[in-house]
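Student: I have a structure here, written as structure tokens, and I will follow up with some questions on it.
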Amino acid sequence: MWKDLFVKKKKYAPLPSEQARHEVPEGVMTKCPQCKKIMYTKELIKNLRVCLSCGYHHPMPARERIASLLDDGSFREYDADMISVNPLGFPGYIEKLEEDRRKSGLNEAVVTGEGALDGHPLVIAVMDSSFRMGSMGSVVGEKITRAVERAREQQMPFLIFTASGGARMQEGVLSLMQMAKTSAALKRFSNDGGLFISVMTHPTTGGVSASFASLGDYNFAEPGALIGFAGRRVIEQTVREELPDDFQTAEFLLKHGQLDAVIHRHELKETLAVVLDLHQKGGEEGWWRN
């Protein structure tokens with residue numbers, strides 16, 4: 001027994017297997033699609049999901065976007081429990097919606113509500129491309145329309161951040177009619193003098209780009225955002241011409257007069273606060289464009 005107490009200890013420790021050494025928990029690291037650099041996801045989030053190496057603007061979840069812009073504790077969400085059904089009986093659609101709800105933590109591809117930005121009250125809508133690629137179905141269109149109507153009733157500015165692949169094919173014509181419905185609501189809002197600010201993020205395409213995304217009194221975009229209706233390849237085949245390398249980027253649209261400004265994400269809050277300052281009315285008159 002005494003001999004066992006003084007057994008010489010081994011001078012090595014077991015090494016992890018080759019597979020274990022290369023396994024990193026999912027979500028800890030993020031690879032930039034532009035510069036291919038790998039960075040800690042926590043550091044990327046701290047930097048508002050702007051690449052620390054090349055400045056690429058990664059997609060930003062809707063709730064992160066709201067938290068980064070609005071004053072602490074000011075946000076009150078609208079229509080949080082509104083969810084899509086399957087009006088056309090499209091095979092597998094309900095299952096895909098449930099999967100996206102589980103992965104994104106959202107009930108739909110847009111979050112709407114009211115809050116304050118640097119003390120300025122407003123109504124806000126933020127689309128999230130992690131839910132059905134931000135596609136616009138009947139619920140997305142309804143939530144945006146209701147948000148615009150509330151902004152009109154309460155005489156507050158309306159701010160939207162778009163990120164979408166276009167109309168949702170699983171809902172057919174019901175998704176296409178949202179283009180007209182949202183645009184009509186914005187027309188009524190504009191006729192009453194309402195201030196509408198649209199910020200297009202990557203990507204803003206299809207029926208969203210062809211409707212409410214482009215109707216702002218101010219049309220802004222983030223750097224490098226893909227903005228357009230049809231895809232590049234479809235357009236090239238139609239016009240039988242090779243398109244410029246920067247075609248359908250935010251910078252291309254700015255150069256051709258379709259945007260008012262391309263704004264870095266780090267400067268967005270300050271810029272929006274300045275715009276709201278310019279359009280504020282005193283007393284009880286509210287916040288109006290005119």
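Numbering starts at 1 and runs along the chain as it is shown here.
Including glycine, each Cβ sits where the backbone N, Cα and C put it.
Residues or ranges marked as domain 'CoA carboxyltransferase N-terminal' in Swiss-Prot (evidence: sequence analysis): 28-290. For 32-54, the entry in Swiss-Prot reads zinc finger. The Zn(2+) binding site annotation in Swiss-Prot covers C32, C35, C51, C54.
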Student: With every protein chain in view, how many other Cβ atoms are within 10 Å of the Cβ of C35 (Zn(2+) binding site)?
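Tutor: Excluding its own Cβ, C35 (Zn(2+) binding site) sees 14 Cβ atoms within 10 Å.
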Student: Per DSSP, what is the residue count of the zinc finger (32-54) in each of helix, strand and coil?
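Tutor: Going by DSSP assignments, the zinc finger (32-54) contains 6 helix, 4 strand, 13 coil.
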Student: Below 8 Å Cβ to Cβ and six or more residues apart, same chain only. Which residues does that give for C54 (Zn(2+) binding site)?
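Tutor: Spatial neighbours, sequence-distant, of C54 (Zn(2+) binding site): C32, Q34, C35, K37.
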Student: Specify the count of other C-beta atoms within 10 Å of the C-beta of C32 (Zn(2+) binding site).
Tutor: 18
Student: Check the domain 'CoA carboxyltransferase N-terminal' (28-290) for me and report the mean pLDDT.
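Tutor: So the average pLDDT across the domain 'CoA carboxyltransferase N-terminal' (28-290) works out to 95.
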Student: Within 10 Å of the Cβ of C51 (Zn(2+) binding site), how many other Cβ atoms are there?
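Tutor: There are 19 of them.
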Student: If you take the centroid of the Cβ atoms of C32, C35, C51, C54, the listed Zn(2+) site, which other residues of that chain have their Cβ within 8 Å of it?
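Tutor: Apart from the listed residues, the neighbours are P33, Q34, K36, K37, L52, S53, G55, Y56.
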